[in-house]
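As recorded in Swiss-Prot:
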type     : residues    : note
COMPBIAS : 19-41       : compositional bias 'Basic and acidic residues'
DISULFID : CYS45-CYS51 : disulfide bond
DISULFID : CYS46-CYS56 : disulfide bond
MOD_RES  : CYS56       : cysteine amide
REGION   : 17-46       : region 'Disordered'
SIGNAL   : 1-16        : signal peptide
Amino acid sequence: MFTVFLLVVLATTVVSFPSDRESDGANDEARTDEPEEHGPDRNGCCRNPACESHRCG
């Protein structure tokens, strides 16, 4: 009976460890180093279609 208990504890411990496989990004924090899409860029142009001011083509 004790052997079965140890086997269950070991199995749940192994399952609970994070895998070394590549992540799909679901748990990653939002990146802040990318440029803001809804504000004017360094030329003063807004690339967002919903932006009414500072449109540059």
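Placement of Cβ uses the backbone N, Cα and C atoms for every residue, glycine included.
Mapped onto this structure are the features recorded in Swiss-Prot.
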{"residue": "CYS45", "record": "disulfide bond", "DSSP class": "coil"}
{"residue": "CYS51", "record": "disulfide bond", "DSSP class": "coil"}
{"residue": "CYS56", "record": "disulfide bond", "DSSP class": "coil"}
- Given the disulfide-bonded residues CYS45, CYS46, and counting only Cβ atoms in the protein chains shown, which has the most within 10 Å of its Cβ? CYS46
- Counting Cβ atoms within 10 Å across all protein chains shown, which of the disulfide-bonded residues CYS51, CYS56 comes out on top? CYS51
